[in-house]
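Reading through the structure tokens given below for one structure.
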């Protein structure tokens, strides 16, 4: 088979393997690299090199994650695999490794297990839009009817969490068989990746979304007006564009961008990822400060109450040593600033222990620009004790 060239111009997609411990996530990841390497589309990564995941820090939380890179004939993939269950929970809530889709691995020998359910729930809460299922270890099941039952169970579970359980592709295979070079099982990994190519859609690029920039600092330039600096989170800004300045309990302010500066050079535009200074017409420096956002008018609104999926750091991770209760009042760090808020626990939950993950409600003392999917850290006196993501706005 002719080798295909490694091509950076293919569309890029972030995916990951999710599922219960020991169902074969890491073995499958290794098998994908091995099968694709035969076509010159990947470097082989053995099980040990993926399993020995390096530590990363995201929003003050340590997470072990392995990043594996490979291509299919259509796309370039960055694939994340985590060694431990807690790493998955933290990863999905903090967005340390953004996933545009995921491969749910379920061992046909066991069927869906508690972490299978938890990972599907998290994927639906934190907006992993599409899943493809790999039923692993089918070579260890003698009765094909049992595999049918497991598939049915997985599809029902997906439907229970608002995924399209009837139409999600389910591929039956053996990751270990493919890793050992058995042609029957290598073909199943090829089939899996064809389905990932087809079923997991290309993500919308940040640059195509509505403009938003969190304000990090402001200064006034004599004779020219007020400049707000920050890193553009998404979208594009052009000189002459109208903008709205939102958040921190102030009135929404309207302005026009009269200049975009980057590294002391004047530009006509800035885009997602750029660190820029925006010159704002008719805005008093006193009225705008860190913690506000500058955005396309009417694209984001300020709120105080929300529901979030939260991970609470364990004592070993540098978190709290004791549980917290209803009406707990920490700081919530959004984008560039801390805002105090009060926690309301769900009915029947008396306390939250370090190491737990839970959905809870929060009411902030100030409004900030927020939307579903926005991530935050929970802090006490500057120390991170948890992380969360907004799953619903309540006011």
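Cβ atoms are placed via backbone N, Cα and C, with glycine included.
As annotated by Swiss-Prot, domain 'tr-type G' applies to 10-204.
Positions annotated as GTP binding site by Swiss-Prot: 19-26, 81-85, 136-139. The Cβ neighbour count for residue 25 (GTP binding site), using a 10 Å radius over every protein chain in view, is 27. DSSP assigns residue 25 (GTP binding site) to a helix.
Here the region 'G1' (19-26) has a mean pLDDT of 92 out of 100. Residues or ranges marked as region 'G1' in Swiss-Prot: 19-26.
Proximity of residue 26 (Mg(2+) binding site) to non-local residues of its own chain (separation of 6 or more, Cβ distance below 8 Å) is seen for 17, 47, 50, 51, 66, 81, 83, given in sequence order. The Mg(2+) binding site annotation in Swiss-Prot covers 26.
The annotation region 'G3' is assigned in Swiss-Prot to 81-84. Sorting the region 'G3' (81-84) by DSSP state (H, G, I as helix; E, B as strand; all else coil) yields 0 helix, 1 strand, 3 coil.
Below 8 angstroms of C-beta separation, residues 23-24, 27-28, 105-109, 147, 172-177, 185 of the same chain, each at least six residues beyond the ends of the region 'G4' (136-139), sit close to that stretch. Residues or ranges marked as region 'G4' by Swiss-Prot on the basis of similarity to another entry: 136-139.
Residue 19 (GTP binding site) counts 25 other C-beta atoms within 10 Å of its own C-beta, drawing on all protein chains shown. Residue counts for the region 'G4' (136-139) under DSSP (helix as H, G, I; strand as E, B; rest coil) come to 2 helix, 1 strand, 1 coil. With a 10 A radius on its CB, residue 82 (GTP binding site) counts 24 other CB atoms from all the protein chains. Taking Cβ-Cβ distances under 8 Å and a sequence separation of 6 or more, the neighbours of residue 85 (GTP binding site) in its chain are 21, 115, 118.
Outside the region 'G1' (19-26) by six or more residues, the chain places 47, 50-51, 66, 81, 83-85, 104-107, 110, 112-116, 119, 136-137, 175-176 with a CB less than 8 A from a CB of the stretch. Within its own chain, residue 22 (GTP binding site) has 107 as residues 6 or more apart in sequence whose C-beta sits under 8 angstroms from its own.
The Cβ neighbour count for residue 138 (GTP binding site), using a 10 Å radius and every protein chain shown, is 22.
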